[in-house]
Amino acid sequence: MMGYISDDTRKVTTHRLIEMKQRGEKISMLTSYDYTMAQIVDGAGVDVILVGDSASNVMAGNVTTLPITLDQMIYHGKSVVRGVKRAMVIVDMPFGSYQGNELEGLASAIRIMKESHADALKLEGGEEIIGTVKRILSAGIPIMGHLGLMPQSINKYGTYTVRAKDDAEAEKLVRDAHLLEEAGCFGLVLEKIPAALAARVASELTIPVIGIGAGGDVDGQVLVVQDMLGMNNGFRPRFLRRYADLHTVMTDAISRYVSDVKNLDFPNEKEQY
């Protein structure tokens, strides 16, 4: 079955995302970490490509997002930008690059933008990082916020369970969402929170709210591309819909290649010079 392919080839910008929210058009967002995947994702019509610090897990095999460095995020950002024509490219600021000194956060943000040529950055946190958010925004760098489950804070919470289920945490999340919008963020990701809470935030904010495990009443959705393609065989959270089983497809293809090499079937006469 054919999917949705946009015939609008204009570059996606922060302004266009806000327009999409205003007219009720849902925003599609996926991760990419390399040139080849970025070309495919962009060509399929995705609106926003996130160069996520989830590269730490997906590409490097780390248990958390914490080990990935600023230099590594810039590398992944550069690779993705080279493969993209239409989608907006947002790069995650990695753990340790913005949580402390505001000027260090600004310097990190400027490095990512100058060296990767990305369109915007994403930061995790609310009131506790609002000074850094404002400092980066003052340099003309667009920022998307991220609330709810924040993987960079995994050692604080100790679990990847649903966040903001109790009233106090839910109200703090709502306050933080408004603070981020008031500071000048152009959008917000809500991760793994109750659907009703996410719907409330999306209805109260004028900026786009993108959900992952946050229900359908938000302005768009984001997934890790390897997850939705079924490449990570053992990862099956409730919020994930798998659109392919590439783990099986790729394993079969590689197995057949190995067999052909072993049995002297590859290369054949047509595959030689």
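Each residue, glycine too, has its Cβ placed from N, Cα and C.
Taken from TrEMBL, the feature 3-methyl-2-oxobutanoate binding site applies to D53, S54, D92, K122. Annotation source TrEMBL lists Mg(2+) binding site at D53, D92, E124. According to TrEMBL, the feature active site, proton acceptor maps to E191.
A map of TrEMBL features onto the structure.
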| residue | record | Cβ contacts under 8 Å, 6 or more apart |
| --- | --- | --- |
| D53 | 3-methyl-2-oxobutanoate binding site | T65, I68, M73, D92, M93, P94, F95, P151, Q152 |
| S54 | 3-methyl-2-oxobutanoate binding site | T31, T65, D92, P151, V224 |
| K122 | 3-methyl-2-oxobutanoate binding site | L50, I90, V91, D92, M93, I143, M144, G145, H146, V189 |
| E124 | Mg(2+) binding site | H146, L147, M150, P151, Q152, S153 |
| E191 | active site, proton acceptor | H146, L147, G148, L149, M150, P151, R163, G211, I212, G213, A214 |
Compute the centroid of the Cβ atoms of D53, S54, D92, K122, then list the same-chain residues not in that set whose Cβ lies within 8 Å of it, in sequence order, for the 3-methyl-2-oxobutanoate site.
L50, V51, G52, A55, T65, M73, V91, M93, P94
How many other Cβ atoms sit within 10 Å of the Cβ of D92 (3-methyl-2-oxobutanoate binding site)?
29
Can you tell me whether DSSP puts K122 (3-methyl-2-oxobutanoate binding site) in helix, strand or coil?
strand
Using DSSP with the three-state reduction, classify D53 (3-methyl-2-oxobutanoate binding site) as helix, strand or coil.
coil
